[in-house]
Structure formats: structure tokens, C-alpha cells
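Step one of this worksheet: look at the structure below.
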Amino acid sequence: MSGMLQPSSAQNWLSSQGSSSGLIAKRTIRVDIPVDKYPNYNFVGRLLGPRGNSLKRVEASTECRVLIRGRGSIKDPAKEEMMRGKPGYEHLNEPLHILVEGELPVEIVDARLMQASEILEDLLKPVDESQDYYKKQQLRELAMLNGTLREEGSPMSGSVSPFNNSLGMKRAKTRG
């Protein structure tokens, strides 16, 4: 962890709670992503979520910045290879990892970093797709964003649900 203290020149956002000394600490922690143990698991997709919203929620709830870094952090492998070795992209030579940065009042920065770390560690535990509630929520959110969400129980024609016809079974697809 790196830390730097500086007095806060602007009114501190915590002043309404009256518990701040006015000192701001900037700290960074690293969370490794277990790609060596689970090489085929899509950790980046799970962390980002639909349009990056899952990661944005972690950032909003902890007030920390979350950065995915290392090999595999850039979606396009050709672009990643092109950027490798350039200034600012040195992280591409390291294994896939997460940096969590907090620039918060000294009284809460460590607690927020730990909170973010716990959330991320939980998301980095691979779950079988059939039991992955978090991924189901992400897919539901994506469908809502795309305007393709179909509510269960609504009798829409062409529904993919196997429970919407009178026999309770999925109909065979026919051509014509």
C-alpha cells in the first residue's frame, strides 16, 4: 500500500458528519485475479458486467477507483500486443490483477479499501453457471438495457420460456 497525506483545501464531504480531520490519504491495494487456477473463466466480464455497470456500482458504493490491469485487461488481443511496452502500459507484462485506489479522508480510506477488496474477492470466486445468481442478474440487466427483457409469466408470443404453453413443455421449432 502506498499512502500520501495532504490537507484538504476544499470543504470535506464528511464535514456534515463532523468526523474528519481534514487529511486526505491516497492508498492503492492490489487484488490478484486467479487466471492461473481458472484459465477459461471470464473474470473480466464478471467484474465489468453489462456496459461496465457492475464495476461502477463497486466504485460508487466504496468511493474507490477500481482498475483492471495486466495481461488480458484489454479486450482486443491485437491492440494489447501493440500497446505492450509503451509508456503507461507496463502493467500488460504482469498477470491479470485489480488495482483499488482510494483518495479519501484518512479515517475511512483503509475501511473503504477493505470493503472494495472484499466485494471483489467475492466476485473472483468462480461459480457454476447454473447456480450463478450474480451472472443471472447481470444478464437480466443487459436485457433491460437492450430492451429485450421478457418477464417470466408474461404470455408473449415467441417466448423462450418452456413453461408458457398448456402442456408445460417447450414446443419443437418448426419451419414454415
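Keep in mind that glycine also has a Cβ here, set from the backbone N, Cα and C atoms.
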Open item on the list: Checking feature assignment: region 'Disordered' per TrEMBL, candidates 69-95, 150-176. Which range matches?
Closed with: 150-176
Task: Average pLDDT across the domain 'K Homology' (25-118), rounded to a whole number - done: 94
- [ ] Please spell out the DSSP helix, strand and coil residue counts for the domain 'K Homology' (25-118).
- [x] 40 helix, 22 strand, 32 coil
